[in-house]
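Visitor: Not my notes, these are from TrEMBL:
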ACT_SITE  A:149  active site, charge relay system
ACT_SITE  A:225  active site, charge relay system
ACT_SITE  A:258  active site, charge relay system
């Protein structure tokens, strides 16, 4: 049975509409909230979709309120979908750390208790939410995906695992090698268990080296990002891209940190990058 | 003794810097926080300042995080100063309502106890903070002022009371006639007492009719603003502007509400409006 969308909020924005919906998620077994930006009508052609995946501690609102992406999306005629970052609610497992449990779904399907009851963010973002959006809004089937930090990890892994699905992917300060950094190791051990083999399909470095899927990818990384050396390490993905001849561009932005101020400074570049492939 | 600025946060943003400072305010008798956007260096000329006054319940962060104004300020070479909306702290009087006390300073000098001990927002915004900014940052003496809702009231009243000080003023959904609307009457009675005569110098409608000061003023108002009919009533100011031949432009924006989504949709127009007079 298709999930029913409950409209929670609606605001006129840049000639389009910013909306927020609640729905019951069958993948996550809980009530979920997402935001969507619908640009004003152009020529009647259904607009393409850009998925915007947020980072640790975020909800659908961070990207909605802080990124400024809608201005450019309105100009280019792009729909933006801004999902939450994990299942939510009193009945959903949680952890005291900000980097595990609610707000920290890591865009994977958990296999270990207690997480496996709800934490199926890979299925939610990859299957359930796209079907819901396609069924309820006038959108084309052309899609791109982008994200920030943990959401950058989500955008890159989902794009790499689904050949032909996205015309391009991009990320701000993504976690590119969760297998080898503390955030990833803590979360993957909890969600996926001790067998590191099962972690690999959620690691952008491993996927880029081991899949034949190629698509244009843009990464921006601030060099004053407090998580750069310990958690992000984009040079590892760059090295693999060189080895396998993958169309990856990594830009280092001097002085920029991990905040949404960094995202808002470069989100226009990202949307224009995606538009180049979406609007052909 | 000049107040010392303590840097709380600093982020690179659109090639400039978004900073947040704490200082001890002598007008308000408490510690205060403000945010400032400094555009990247242009030609060595100190940039002009645009004051951005926020509305009820807001701090310095709402405009900083949600308006998207810094993108345009960076392009035009404008400094933005984003103050808090009232004195703050445990020792400062407060009220259970969102529209009185902390977060609701109404940009006036309170004369009634207990408010008069700290609530001197007119002096703070009009004198203390400008001196602090001029003394600590490289800025020109050219200034414009804008604000949202209660902050629109602040921007208009401060501009109207200070001939020659600002080259232009603008507002999003301002409270233009606090003498005649519930928000204004509640706050003015508490802060200023029962003598309505003393309220007039904080009422844009009264000031526009009774002062010779003229400057270009732009107002944007969404027609789906939930506060339009009861609290805002821009048509009253428009009528007076026609009577006294005041250079006021009021634009009604169809479908827009009272939120920062409305502000962000039109803030570029406001900054370009101010730049026309600031950068001559």
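In case you wondered, yes, glycine gets a Cβ from its N, Cα and C as well.
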Visitor: Taking 10 A as the limit, how many CB atoms besides its own sit near the CB of residue A:149 (active site, charge relay system)?
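Guide: Result for residue A:149 (active site, charge relay system): 25 other Cβ atoms within 10 Å.
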Visitor: How many neighbouring Cβ atoms, not counting its own, are there within 10 Å of the Cβ of residue A:258 (active site, charge relay system)?
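Guide: For residue A:258 (active site, charge relay system), the 10 Å Cβ neighbour count is 22.
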Visitor: For a quick check of packing: other C-beta atoms within 10 Å of the C-beta of residue A:225 (active site, charge relay system), how many?
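Guide: Here the count is 21.
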Visitor: Do you know offhand how many angstrom separate residue A:225 (active site, charge relay system) and residue A:149 (active site, charge relay system) by C-alpha?
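Guide: With distance taken Cα to Cα, residue A:149 (active site, charge relay system) is 11 Å from residue A:225 (active site, charge relay system).
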Visitor: Any idea what DSSP makes of residue A:258 (active site, charge relay system), helix, strand or coil?
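Guide: Looking at the DSSP assignment, residue A:258 (active site, charge relay system) belongs to neither helix nor strand, so coil.
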Visitor: Taking only the Cα atoms, work out how far residue A:149 (active site, charge relay system) lies from residue A:258 (active site, charge relay system), in Å, as a whole number.
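Guide: Checking the Cα atoms of residue A:149 (active site, charge relay system) and residue A:258 (active site, charge relay system) gives a distance of 8 Å.
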Visitor: Which three-state DSSP class does residue A:225 (active site, charge relay system) fall into?
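Guide: SS state of residue A:225 (active site, charge relay system) = coil.
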